[in-house]
Amino acid sequence: VAFVANNVTELIITGLFQDPGVQRVCFVLFLPVYLATVVGNGFIVVTVSVSKSLRSPMYFFLGYLSLVEICYSSTVVPKFIMDLLAKVKTISLKGCLAQIFFFHFFGVTEIFLLVVMAYDRYVAICKPLHYMNIMSRQLCHMLVAGSWLGGFIHSIIQVLITIPLPFCGPNVMDHYFCDLQPLFKLACKDTFVEGVTVLANSGLIALCSFLILVSSYIVILFNLRNHSTEGRRKALSTCASHITVVILFFGPAIFLYMRPLSTFTVDKLVAVFYTVITPMLNPIIYTLRNAEVKISMRKLWGKRENSGME
């Protein structure tokens, strides 16, 4: 067997668009979106951890979801925004593997957290009398830790499959960040088996989680018929925000992974949606539909402003 030299240490990224003018427009559009993502989700993390009125498991999970959103977005977006102004966009092979690891780590952790949040709503609505006993502090911590661990195991597998691949040129990646499929295209061997393995790893987690989420919300909505009008309205409002986030997160992912490889241009535009746009929308969706979060935010940040004025 001929040994292939692994002599590619740096990759060139084509980016989203080639036109410098369009790239500058993207920079002006995406920088505020990223800052809004960090600030919006940061507000939720701080509000949930400081407010006495947001002590229930639902907010405990929401705080962690917002933290994961910041991390998830930060693995891709800052580099992408900086690259929009660069003539040649490069990343080292090690940097590329690191980006793949963290992107998958936080992405899958978020999927598991969304499942945990659905379970929390299921217990709250279908077993209200046992809610505090079932959703103990200990269980909440274990569910969050399990989500992080699940994301970590998933990412380690993805990266361990990728590390042994030989890269001897070409080194131009047709994407705006490092992901597995575009990287596999650059390997100096047939990556069909690896491609199918990582796709199954991502696809199965996404598909199973999506099915669990859909079925749990169907059960919840079915159970709401027995609630009072006021209780039903409140529960529907909370579930609506959860379901919206699930659709925003899984819609693009399912679109990308559940179809044969075609033009990367469409893929890149869809990827922009779930790496740049969705993380910004989540805090808006959760706070706009939730009176308790809004009141706590007003109290907390109002207090800050008043003490600042004194």
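From the backbone N, Cα and C atoms, a Cβ is placed for every residue, glycine too.
Predicted automatically and left uncurated, TrEMBL annotations should be read as such.
Keep in mind that this is a model prediction, so the values were computed, not measured.
If you look up TrEMBL, you'll see 27-46, 58-77, 97-119, 139-163, 204-224, 236-257, 269-288 marked as transmembrane segment. The domain 'G-protein coupled receptors family 1 profile' annotation in TrEMBL covers 40-286.
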Among 58-77, 97-119, 139-163, 269-288, the stretch with the most Cβ pairs under 8 Å to the transmembrane segment (204-224) is 97-119
Sequence-distant contacts of the transmembrane segment (269-288), meaning Cβ under 8 Å and at least 6 residues beyond its ends, amount to 16, 30, 33-34, 36-37, 40-41, 43-44, 62, 65-66, 69-70, 72-73, 76-77, 80, 175-177, 179, 241, 244-245, 248-249, 252-253, 255-256, 294, 297
In the same chain, residues at least 6 away from the ends of the transmembrane segment (97-119) whose Cβ sits under 8 Å of its Cβ atoms read 58, 61-62, 64-65, 68-69, 71-72, 75-76, 79, 91, 143-144, 146-148, 150-152, 154-156, 158-159, 162-163, 177-180, 183, 202, 205-206, 209, 212-213, 216-217, 220, 242, 245-246, 249
Tertiary contacts of the transmembrane segment (27-46), defined by C-beta under 8 angstroms and 6+ residue spacing from its ends, are 62-63, 66-67, 69-70, 73-74, 77-78, 80-81, 84-85, 276-277, 279-280, 282-284, 286-287, 293, 297, 300-301
Long-range Cβ contacts under 8 Å made by the transmembrane segment (139-163), restricted to residues 6 or more beyond its ends, are 57, 60-61, 64, 97, 100-102, 104-113, 116, 119, 180, 183-184, 194, 197-198, 201-202, 205
Averaging the pLDDT values of the domain 'G-protein coupled receptors family 1 profile' (40-286) gives 90
